[in-house]
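Pulled from Swiss-Prot, these are the features on record:
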{"type": "TRANSIT", "residues": "1-32", "note": "transit peptide"}
{"type": "DOMAIN", "residues": "38-318", "note": "domain 'tr-type G'"}
{"type": "BINDING", "residues": "47-54, 114-118, 168-171", "note": "GTP binding site"}
Ligand code: GDP
């Protein structure tokens, strides 16, 4: 039935896993029917850097039998933890790119999407969170809530991800889970409640007591199953007190448990294990409470109960409402709810790409239906159909081949050409998991490899990054011959420059980052333009009359042919259209793209011999310039929505910093001791803000920003930009 290690593929071990008659494969994993979806968990493990996320993940893989040995992060054996599959990560012991792995716990199946821990990699975090049904938030038992815990928590809120907390490092001096829980309540406003109490503290940590089962668990060396014992007598009172707190906290947000308490004479009777577990599960999934477990990953304490907790309290794929967008009607996306039903039409999201020696590896989360090898499926974003190639399940860099993958599952496909974030569906279905709308880049910079040798890898890296990230664009500037990369901010571009160095070994030289200005008009401008060159030989003649005005479609440009009769014949109209396209690529003011302009041709004239397509294309440039100048032109700059989180004590300095950068605070929310400002700030004024915020808040402040809109620049900046452009042109023409 089963053949092992049949081949090596791209340096990755590939195992063939076939299923026996009972639907149980050689790894004891049940194949999917609707029922088994309830035993599936797609979780992420998120944390502030150094909290022990990698160590915990490694222990989980070890206890679930997925790996045979434990290598400590930055361990002396030089091997590094399994989840850090990129060399760089091994070297540094930090996890940058999310890797997907799976393991089995009892009859259940857990997919772990390893979310990146570093603050700069939030694009990756967000994409990974989209795919998760639940998460484990790892906290350090000494440091408690740290700056990045706040960011991760905010992201989890945004994507409605239910979570459990694991307080790690209880073996360290000064660790105190009760302080951390207090901070979760105060700083993050989470309804955090302990499900366990530790036995012993710091270097004497021996185990934990489960408040639901009221049993003690003592942990031995390196992941042996815990010894279950009665509660030590000196803990009985404390456990009673903590259990009461647990039951009351849950009952406060759960009507069902509240009613049970009234009917059953609480506190003379306490809810039994089944009743309490069900109530914790309901309230966790509804995101009304955050259950807290604890231990020490490094000292192998509390990891197995955490796995039990993931199964008991976090939702399976069919317990989370999953919304897709139906794009079958053009320009009108309507929401549809998906079902974790293997028989429904297939819908899946490609959430991560990886370049292997044998082509692209595409990580996919199946949301609905079944993905089968050999089936024909559609890439909704690209409008292309493909045949499903080899399917594998991933475990860091090892893979196991499977023939089909059911709803809720995560797998990877070989050699499929697609972009990260693309949705794949059954041929007759047009759903997308993410809106088709991709924001326009707001910042660009010129880039080139330092030496000629780097050229090949440089091109390879650029094409890979574009596939991974639709907001990362590459173009070559025709005049200067430079390669220009653009993206969603300074940090976004810096990450790619850094990755080029680390992953592709290419050192680069970059220009100054430039904000993506746009040019437009503010009123109607007319033109009546004649292009004439008729001195000897074949001449050129084209006459055009019309106007330009603000487009009704926001930032989009439009071309309208209003010529009645044949004053300008159709072939020349086509030439004008092409000429218009040239014009909008490089605006007349500062050479930035033109947006929001409707260009109308209403009349014109031709010459029987001298008129040509070329003549009309050239004439369009003159006509456009004339209309643009008459239309009160202006320059637009990107305005960013900036979210700044900070402890209240730094409020004053941060506000004055925002004012100095000509930003406006539009909303303020308080969450315990932390404040969040929502501001609108010109991107041009955001350079260097991360350093400034860090020093203003002793490293405790954080910000994220996203593109909001383009608006008029100030008169002062307008003149400055015009002046700079003029200077640049003069230098270029020297
Ligand atoms: P990550 O950055 O969150 O992935 O954290 P790592 O797993 O890389 O751990 C950071 C450091 O903390 C490493 O040196 C680990 O060995 C150490 N560490 C992880 N878990 C524990 C723990 O439970 N107790 C102690 N004392 N150290 C730990």
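Each residue's number is its place along the chain shown, starting with 1.
Quick reminder: no glycine exception, Cβ is built from N, Cα and C everywhere.
If you take every residue in the domain 'tr-type G' (38-318) and average the pLDDT, you get 85.
Less than 6 Å separates the Cβ from ligand 1 in the case of 47, 50, 53, drawn from the binding-site residues 47, 50, 53, 170 in sequence order. Within 10 Å of the C-beta atom of residue 50 (GTP binding site) sit 17 other C-beta atoms, taking all shown protein chains into account.
Secondary structure from DSSP puts residue 170 (GTP binding site) in coil.
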